[in-house]
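Some notes on the structure that comes next.
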Amino acid sequence: MYGKSPARVLPLLLGLQLTALCPTAAVEIYTSGALEAVNGTDVRLKCTFSSFAPVGDALTVTWNFRPRDGGHEQFVFYYHREPFRPMSGRFKDRVVWDGNPERYDVSIILWKLQFDDNGTYTCQVKNPPDVDGLVGSIRLSVVHTVPFSEIFFLAVAIGSACAVMIITVIAVVLFQHFRKKRWAKRAHDDEGIKSKEEEKLKQENKVSVYLEDAD
């Protein structure tokens with residue numbers, strides 16, 4: 001009463017073995033999640049992936065966009081063996097391929113950002129037989145300028161680096177100057193000592209000659 005018949009157990013065991021031998025194929029997507037960029041600049045929407053199957057000609061990449069204030073999803077970019085840019089719409093002539101499938105990179109670059117580019121960009125990758133998996137997303141925020149804190153820390157970092165370089169150069173120049181000055185003083189002192197010794201030797205020679213003449 002508590003057991004199971006062999007006819008029911010055998011299919012279950014076979015199913016478990018097949019599941020272990022053939023894992024579920026699924027593409028995993030990796031993105032930054034959130035991104036902030038300045039109006040009028042270019043931005044790289046980075047998307048990488050991992051796949052159970054090797055990358056081949058069957059790989060497809062689809063980028064879409066949904067505005068932050070709502071609305072229908074819009075086509076951004078498509079890749080299958082070669083890039084396919086949008087022929088019309090808001091992203092026409094504003095998006096280029098910047099990926100490398102061999103390195104599992106399917107990123108794109110969006111040119112000349114506008115404030116209505118605020119929204120969510122989705123990256124979907126299919127690499128048969130890996131065709132399932134979550135869609136990667138990037139929440140892009142287009143701003144007027146970089147936040148003050150970032151500018152401040154950047155300026156401090158650049159200023160500190162410049163100050164260190166200037167101090168290092170000044171220290172090296174001063175070291176070389178004082179070393180040359182010390183060598184010059186030592187050479188002058190040696191020359192003075194040598195002159196005094198030569199003068200003393202001349203005086204001694206004169207005295208010797210005078211004594212000899214006196215005799």
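Yeah, the Cβs are placed from backbone N, Cα and C, and that goes for glycine too.
Features as listed in TrEMBL:
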DOMAIN    23-141  domain 'Ig-like'
SIGNAL    1-26  signal peptide
TRANSMEM  151-175  transmembrane segment
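Taken together, the residues in the domain 'Ig-like' (23-141) have a mean pLDDT of 92 on the 0 to 100 scale. The list of residues near the transmembrane segment (151-175) in space but at least 6 beyond its ends in sequence, with Cβ under 8 angstroms from a Cβ of it, reads 145. Here the domain 'Ig-like' (23-141) has, by DSSP, the following mix of helix, strand and coil residues: 6 helix, 59 strand, 54 coil.
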